[in-house]
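Student: Feature list, courtesy of TrEMBL:
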SIGNAL    A:1-19  signal peptide
BINDING   A:CYS29, A:CYS32, A:HIS33, A:MET72  heme c 1 binding site
DOMAIN    A:107-188  domain 'Cytochrome c'
BINDING   A:CYS121, A:CYS124, A:HIS125, A:MET165  heme c 2 binding site
Amino acid sequence: MHKTIMALAFVVITTFASAEPIEQRIAPCLACHGEKGQSETENTPSLGAQQAPYALIQLFMFREKLRVFEPMNEMAKALTDEDLRLFSDFIAKMPKPVPPGENGEPARMQRGQALVQQHRCDSCHNPDLSGKENVPRIANQREDYLARTLGEYKDNSRHGYDASMADVMAPISPEQIADLAYFIARMR
Amino acid sequence: MISYLSVPRSLLLSGAFFTALTLSAAAQQSAEPPAAAQQPPAQLPAAGAPPAGTAASPSLPPGSPLLGRPAGSDAAAKLAPIAPPPIPAAPDKLPTAKLKVPAGFNIEVYAAGMANARSLAVGDKGTVFVGSRLVDKVYAIVNKDGKREVKVLASGLYRPNGVAFKDGTLYIAELSKVSKIEEVEDNLDNPPKPTVIFDKLPKDEAHGWKFIGIGPDNKLYVPVGQPGNNVLHDDDHGLIRRMNLDGSGAEVIARGVRNTVGFDWHPETKQLYFTDNGRDWMSEDVPEDELNRMTQVGDHFGAPFCLQGNIVDPEFGWGKSCSEYTAPVGLLGPHSAALGMRFYTGNMFPKAYKNVAIIARHGSWNRSKKVGGDVVIAKLNKDGTMKSLEPFITGFLEDNKYNGRPVDVLPMKDGSLLVSDDYNGAVYRITYGKQKMAGK
């Protein structure tokens, strides 16, 4: 799996170097992240309608290795500042991810929703969790990616651009993280 | 347009203190705010100011910037710290044309392309060192054959905001450690990794980034902010420490410091002056950021019990009196984020600028109508208190939005002044009189 990603990264880098239109340049990204804004790949985030300033910050951090995930660091390595803007603007215009067809289990949904309110996720991420500016859209993000990311913020293995999420996650337990991710992935 | 605080005495006496603090009223005036110590002690914030500490979710951790936010206020809900763009602005996209300086002064781009450029220090050979907070780098602006060039001096650092230079050595302050690079200007092309000299520092993110400076006593001054907006904390926070240049002999010299991100020593009295940022969410207009002066080791500057020298904190001030603490010598505007400050001792600027404190106000986030986003001049009275606060560089704030945010100021040997801007990743140079505009 890892080798495949690295090989893919190599293909992507050579692709980026060319002057192809953005739709072609971004195609290898979407092979994992989903062509219609919705990721079908385990632990890999959906990118659709992501806030452009947030996407730009993440791409920048991958390029600078301020956010460490080797395949993404490799992919972003050769991108220019202008490329980063181009990709983040394109991502922002892709369709937003949709919730899974089946409704969530009511008790868990209720617990998750209560946690969103209690911890004021909505104050930065917007009431519909669509995000704004440098604060990401999290609504209907993949549950596995949400849970992993919240855990990484909590144990400070993912620093973020500033440190606000580490502070926010400090009092939230692993069980609560699971409920939060369950609800946010399925909210309508 | 830029706003300054000017509080007529009559208004103070009439009791209209808080409601009268409309900042725009005194725009562009050379304001003369009375020193905090001379003001009548303020009562609790007037109606309209929310009771602090009662509103936001009790589950928010102490480090969260949202702690203390009043519930049910749409205006307050819109306010959050502002993240700068990650990519530094291209030289031709910098806001220099919008920036205003007093007549006779010039502003130019000194260097650009340094993401999140923060604190400044200058070496004996003229190299300018630039720290950062949101990226992992310390930059060096190198002068070579009349051309300026930006190099990454060190990377892989964690919130390396603070830089200071003495006798060939660069000192770098990360979130929880201080390190040094010796003979740095002789090794700019192949600098060695920084070696740690002091790391007995807390790791809190809130107010954890550091400004550092080296005093006339040849000691390194290292602050630790309070780990949250308005919190009771242990003895390892809310302080300024000084130590020998090898990290030995560290001692705490000041307490009650919420978050100082700029300081310098008065050129004549050699007393330490420092800016300190006031707490958030108490109200739009109070407390103000402070200009403080340390007159003796062990001074306590009030936070979180007494704010701006004359307001006891609504939450932590019970049973306390502001008379127990060292009052600021001047107030620098509510939420204005007064950061870098240095005394001007150069010969290029007019005589009126001799020994004034030049202060970079990064600009507010916790205020509906933004204030700051400028560089101001604080003139002092003979007794060392602040006499006046005047605009110096304005124009970073336009239609309640920032097009740049000044962080630090650094007088150069030739009398010019450098100003860093972390929003654009640039350093500007201010000169006076007819100059050959270098770097254009």
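Even glycines carry a Cβ here, placed using N, Cα and C.
Predicted automatically and left uncurated, TrEMBL annotations should be read as such.
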Student: Closest to A:MET165 (heme c 2 binding site): which of the binding-site residues A:CYS29, A:CYS32, A:HIS33, A:MET72, going by Cα position?
Tutor: A:MET72
Student: Go ahead and report the DSSP secondary structure tallies for the domain 'Cytochrome c' (A:107-188): helix first, then strand, then coil.
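Tutor: Residue counts in helix, strand and coil order: 48 helix, 2 strand, 32 coil.
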Student: Listing the binding-site residues A:HIS33, A:MET72, A:CYS121, A:CYS124, A:HIS125, which lie under 8 Å (Cβ to Cβ) from chain B?
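Tutor: Among the binding-site residues A:HIS33, A:MET72, A:CYS121, A:CYS124, A:HIS125, the ones whose Cβ sits under 8 Å from a Cβ of chain B are A:CYS124.
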Student: For a quick check of packing: other C-beta atoms within 10 Å of the C-beta of A:CYS124 (heme c 2 binding site), how many?
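Tutor: Result for A:CYS124 (heme c 2 binding site): 21 other Cβ atoms within 10 Å.
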Student: For the recorded heme c 2 site, enumerate neighbouring residues of the same chain (Cβ within 8 Å of the Cβ centroid of A:CYS121, A:CYS124, A:HIS125, A:MET165, site residues themselves excluded), in sequence order.
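Tutor: Neighbours within 8 Å of the Cβ centroid, excluding A:CYS121, A:CYS124, A:HIS125, A:MET165: A:ARG120, A:ASP122, A:SER123, A:VAL135, A:ILE138, A:SER164, A:VAL168.
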Student: Out of A:CYS29, A:CYS32, A:HIS33, A:MET72, the binding-site residues in the record, which is closest to A:HIS125 (heme c 2 binding site) when you go by Cα distance?
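Tutor: Comparing Cα positions, the candidate nearest A:HIS125 (heme c 2 binding site) turns out to be A:HIS33.
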Student: What Cα-Cα separation, expressed in whole Å, is found between A:CYS124 (heme c 2 binding site) and A:HIS33 (heme c 1 binding site)?
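Tutor: About 25 Å separates the two Cα atoms.
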Student: Taking the Cβ of A:HIS33 (heme c 1 binding site) as the reference point, list residues of the same chain whose Cβ is under 8 angstroms away and which are at least six residues distant in sequence.
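Tutor: Listed in sequence order, they are A:SER39, A:THR41, A:THR44, A:PRO45, A:SER46, A:LEU47.
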Student: Around the heme c 1 site formed by A:CYS29, A:CYS32, A:HIS33, A:MET72, list the extra residues of the same chain whose Cβ is within 8 Å of the site's Cβ centroid.
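Tutor: Apart from the listed residues, the neighbours are A:PRO28, A:LEU30, A:ALA31, A:THR44, A:LEU47, A:PRO71, A:MET75.
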Student: How big is the gap, in Å, between the Cα of A:CYS32 (heme c 1 binding site) and that of A:CYS121 (heme c 2 binding site), rounded to a whole number?
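Tutor: Approximately 27 Å lies between the Cα of A:CYS32 (heme c 1 binding site) and that of A:CYS121 (heme c 2 binding site).
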Student: Considering each pair of residues in A:CYS121, A:CYS124, A:HIS125, A:MET165, all listed as binding heme c 2, report the largest CA to CA distance in Å, no decimals.
Tutor: 12
Student: List nothing but the largest Cα to Cα distance in Å, as a whole number, among the residues A:CYS29, A:CYS32, A:HIS33, A:MET72 that the record says bind heme c 1.
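Tutor: Between the most distant Cα atoms of the heme c 1 site, 12 Å.
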Student: Cα of A:MET72 (heme c 1 binding site) to Cα of A:CYS121 (heme c 2 binding site): how many Å, rounded?
Tutor: 27
Student: Write down the Cα-Cα distance for A:CYS29 (heme c 1 binding site) and A:CYS121 (heme c 2 binding site), rounded and given in Å.
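Tutor: Per the Cα atoms, A:CYS121 (heme c 2 binding site) and A:CYS29 (heme c 1 binding site) stand 28 Å apart.
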Student: Report, as a single number, how many Cβ atoms besides its own are within 10 Å of the Cβ of A:MET165 (heme c 2 binding site).
Tutor: 22
